[in-house]
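Participant: According to Swiss-Prot, the protein carries these features:
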REGION    40-61  region 'Disordered'
COMPBIAS  45-59  compositional bias 'Basic and acidic residues'
REPEAT    186-220  repeat 'PPR 1'
REPEAT    221-255  repeat 'PPR 2'
REPEAT    256-290  repeat 'PPR 3'
REPEAT    332-362  repeat 'PPR 5'
REPEAT    401-435  repeat 'PPR 7'
REPEAT    436-470  repeat 'PPR 8'
REPEAT    474-500  repeat 'PPR 9'
REPEAT    539-573  repeat 'PPR 11'
REPEAT    609-643  repeat 'PPR 13'
REPEAT    682-712  repeat 'PPR 15'
REPEAT    716-750  repeat 'PPR 16'
REPEAT    751-785  repeat 'PPR 17'
Amino acid sequence: MLLNLRLDGSSLHVLCSTKTLPISSPLDKFPSFKKLKQNYVPGTHESDKGPQRSTRNGDRGCGTVAHEVVAGKNLLLVNPSNGCVGKSGIIDGFVDKRSKDARFGGNGLVSEVHTKCSTKRLSYGGCIPAILEALDSIEDVEDALSPWAERLSNKERTIILKEQIHWERAVEIFEWFKSKGCYELNVIHYNIMLRILGKACKWRYVQSLWDEMIRKGIKPINSTYGTLIDVYSKGGLKVHALCWLGKMSKIGMQPDEVTTGIVLQMYKKAREFQKAEEFFKKWSCDENKADSHVCLSSYTYNTMIDTYGKSGQIKEASETFKRMLEEGIVPTTVTFNTMIHIYGNNGQLGEVTSLMKTMKLHCAPDTRTYNILISLHTKNNDIERAGAYFKEMKDDGLKPDPVSYRTLLYAFSIRHMVEEAEGLIAEMDDDNVEIDEYTQSALTRMYVEAEMLEKSWSWFKRFHVAGNMSSEGYSANIDAYGERGYLSEAERVFICCQEVNKRTVIEYNVMIKAYGISKSCEKACELFESMMSYGVTPDKCTYNTLVQILASADMPHKGRCYLEKMRETGYVSDCIPYCAVISSFVKLGQLNMAEEVYKEMVEYNIEPDVVVYGVLINAFADTGNVQQAMSYVEAMKEAGIPGNSVIYNSLIKLYTKVGYLDEAEAIYRKLLQSCNKTQYPDVYTSNCMINLYSERSMVRKAEAIFDSMKQRGEANEFTFAMMLCMYKKNGRFEEATQIAKQMREMKILTDPLSYNSVLGLFALDGRFKEAVETFKEMVSSGIQPDDSTFKSLGTILMKLGMSKKAVRKIEEIRKKEIKRGLELWISTLSSLVGIGDCVDEL
């Protein structure tokens, strides 16, 4: 069997049977078309509760009679008595009897559409054009078809059904064919009806029509199943579509290439790329076994190439393209466009250039080809190449579409290429290409960021005065000014919204955000309070924005008030606004208030997340309050929230402050376990562990962390300083000296404590020359020596034979006259150590 779908038999029966359906045939209880026109509103049929949509058959793109009634709209109607086309007055889905002979004005629209349809009908030849005209102009099917009764061929009946735009009319004609008794309705006719009803999402009728086929012994063919799979998958019922595929497999029928293409499209649309690939491979193998000369069409290859591309399988896409060429299938423009898009999206621009050369040998690039190329090169920051392709497109006689202009214009705008952008705008204006709101706001942002405020305002006014801007357009322009701190301009745009009565919650939210960026918290609050007076109700985003603004401005008390209002309106669905207020209280050192907000949050059944716990644990870690910090750790565990690196770092910081080595080690191990090859504990945390180990002279453990940090290039000044102190404390002067030398060579000595550690080591180990040189480096780098520095230097002088009294006298001079005292220290040290005096250079 081709496809072994493991479907439960009972579910298959439910999806593909009519036992639960109230009707046995789509026609058994179907009202006449005349009745439908009077009473029926499409999409509201009482027996169809599934998704509704109005569709047109793709083979017939227009019509002169509107059989659908849409509430509140005027539709085209034909007066059966005189064939005149006019408007219908529609009230609440029903035809207004007062507008019987209403007609269109002379704008040429109706005649143009009718001409296109007439041309299509005439192409059929024979009696078909007259039949279709009759069906459009005469309401009763019997009257419309009576001149041709009992002499319509199978082909003519097929065309008549296929040409129907509305499913109701198609059903009525289909029923008329059956009622005549002289017409044999074959599987092709049923296939057409299944497609028409499926496109209209009339699933109960589809199922009933299927049952009717089986009952009458009309055997489904490959295209029948393909049609069913197609309409169900496009109607959003993928499980039902798979059910029909399963039924097909169950009777041993192998999908043909068309049906296979439908299945592949279904999987691709659902982004189930692996299933699409598996199905294609199984089908291809079976096809090749059955007929070794089977050659797939370009459509099937294009579908698979696109499927591989969307799933990121470049190699497979390339191999499929290669196989297509080997089998002699001429690639289409769609094929090349797809391959260019795949290679370009994966950064293989060399392959893109090669494909373009090959493409020009087989088929002409279209506008979409150039749009893809322009987009790819703008994304890769090759704006010059993108512009060249835009020019090439026009040189080839292709007219850029709105996508072409929009892509290039956006690329110019984000790069502040004002002159190029303005040139493109002029071209768009000359060609009457509409500039969409997304592009308009991008250009406003370009002018703002280029500090061309006058131009930005005139650009905005152009679209504002035209009166076509939506709320989203106004809000985007407010945001363009607000993000750059141009508050007065943002306010002017906001006022313009009021002029055209387009103020919605979106504009208020963006304006409040702009006030927040400019630190105008009072204005943000005033605007919030004024919303209701303009009939605009704040939404969740409004409250969230205002609370975040106040919290970040160190105004947690006010933020808490709005948080309470937010909770009362039912907009608090998570802990994010509470976390903002808690963090603000913590920042101000008001931990009692932070805990109060936390308790309030828990009381209202709003669950804290790891960020909330992290803020509180870190706050109490900073104060060294182990008990409070651990209480939140326990609360987090009880809530089933796993710790993360932020929590672990805070705990290690806490344990370091209070000297809890075992607890710190346990947490550090967890931190290491949660890390990977590219992520390690942060520098501060590792330094904390080295500090704990060095205080306890646990040299090997400290060295292990130190070596690991050096390998990653993360060891900083304090890492080296702690290792130096540990070695010095344990009398390991050789290792300590090596550390000191490394610190000097790496030029990472920037802190008085680090310098003092190095000076203390050199003084203790008798390395007086290095000590003096280090002291000179310290002074020349502008780092102020302190009492600890001179204590080490005094030790050196006394070891070199100077009396304690003389050393004390030098120090007294330094305290009275800093500059003279430093010069005296340096000259004395240099003289006794035997190195050149560099006082003049200092």
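Each Cβ is built from the backbone N, Cα and C atoms, and glycine gets one as well.
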Participant: Could you break down the residues of the repeat 'PPR 5' (332-362) into DSSP helix, strand and coil, giving a count for each?
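Facilitator: Summed over the repeat 'PPR 5' (332-362), the classes give 27 helix, 0 strand, 4 coil.
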Participant: Which bits of the chain, at least 6 residues beyond where the repeat 'PPR 8' (436-470) starts or stops, bring a Cβ under 8 A of a Cβ in it?
Facilitator: 402, 405-406, 409-410, 412-414, 416, 418, 421, 425, 476-477, 479-481, 484, 486, 489, 492-493, 496, 500, 502
Participant: Please spell out the DSSP helix, strand and coil residue counts for the repeat 'PPR 7' (401-435).
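Facilitator: Here the numbers are 26 helix, 0 strand, 9 coil.
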Participant: Going by DSSP, how much of the repeat 'PPR 8' (436-470) is helix, how much is strand and how much is coil, in residues?
Facilitator: 27 helix, 0 strand, 8 coil
Participant: Please report, as numbers and ranges, the same-chain residues at least 6 past the borders of the repeat 'PPR 17' (751-785) whose CB is under 8 Å from any CB of it.
Facilitator: 717-718, 720-721, 724-725, 728, 733, 736-737, 740, 743-744, 792-793, 795-796, 799-800, 822, 825-826, 829-830, 832-835, 838, 841-842
Participant: Could you give me three numbers for the repeat 'PPR 2' (221-255), the DSSP helix, strand and coil residue counts?
Facilitator: 26 helix, 0 strand, 9 coil
Participant: DSSP says what for the repeat 'PPR 11' (539-573): how many helix, strand, coil residues?
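Facilitator: In the repeat 'PPR 11' (539-573), the DSSP-based counts are 26 helix, 0 strand, 9 coil.
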